[in-house]
């Protein structure tokens, strides 16, 4: 291995890797953009494809920016100009949907860029590791057990989140060195942080199941001004160590109490734009009932429907439903019902006019399964929020085969500098 070849990049893969097809198989190379020529070292080779890394750029793309950052593992487009990122994402989405669904490109509205290209993430997770009796944080390199020690990817996070992260790591290291508890450092496995618009932070530290945070260290962490909630995780169990006040995320003038393991979109600006779009598009229909499947803490339903509309939300997690109820009350909703349990079974028990109700779905990257799609066919109106255009395309094919039509599609750059695309689709049964 480690063979060197001269390659020209002809395209960017969905994963954000440069692709060269000059040899008998495609070669995928990170930090390699269209029309660039580079000396590439082949790092892995398989029967049908190979991976490489740029050893030396010979001809640079005119769209390459001046960043020269090394965090292209988690942000593969970080060194590409933002205008070109948006152009490539928009083109990819239009081509994927028009070719596979047989729709006109005019059905797809202009791609929405993020107002913040850097420092936009309100949540981040890092692996923790020790080196020379000090604790450090980093991220795993894709498809490996190797932690990338370079911290360029901090540019993706909100700056105050990064500052809190550094303070916590320093507090742990200072305690360890003062009390000579160097072996304790190996018990720290992972850290997750979320920050709100008040620069308040909630934190989850994953530790070894036999380890407890020493009281002196806990007191040191409590003294961090903007750290208002600290949790630990041992295996699958999460325990709150302190909470100075409820942790609230604000979006579109509404407040949402969230737990550290609750889902909440990481880009505040794009999330706001998505929910404004949905609310504006659906208000003319005056739906009797708004169905929020897998509702979490109630963000989608409360940001998308009017204050007097009837909401039914279902989630399997009791703490999420409890927060959804609390959030609905705090946000002045009066006609709502959030239920704990299986979404299919709970909705069956409700007296719903499926022709005058709207259901919103926001599935994981894997999309919807056939059973869920068949269950959704009883609704006349569906809003599909997707974080993976490929599974979205697969699912839309099924809806179209069941006599649904697409009324509107728009892509959003929820994750600048990455290959991810957030898409909102409005479906209506013919």
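Every residue, even glycine, has its Cβ placed from backbone N, Cα and C.
Record features, source TrEMBL:
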- 387: active site (ACT_SITE)
- 387: active site, nucleophile (ACT_SITE)
- 265, 294, 315, 362: S-adenosyl-L-methionine binding site (BINDING)
- 151-178: coiled coil (COILED)
- Message: Just to confirm my parser: what is the rounded mean pLDDT across the coiled coil (151-178)?
- Response: 97
- Report, in whole Å, the straight Cα-to-Cα distance of residue 387 (active site) from residue 265 (S-adenosyl-L-methionine binding site). 11
- Site diameter for S-adenosyl-L-methionine, Å, by largest Cα distance between 265, 294, 315, 362: 17
- Other C-beta atoms that fall within 10 angstroms of the C-beta of residue 294 (S-adenosyl-L-methionine binding site): 18
- Provide the number of Cβ atoms within 10 Å of the Cβ of residue 265 (S-adenosyl-L-methionine binding site), excluding the reference atom itself. 21
- DSSP three-state assignment (helix, strand or coil) for residue 362 (S-adenosyl-L-methionine binding site): coil
- Message: At a 10 A cut-off on CB-CB distances, which of the binding-site residues 315, 362 has the highest count?
- Response: 315
- Message: Can you tell me how many other Cβ atoms are located within 10 Å of the Cβ belonging to residue 387 (active site)?
- Response: 18
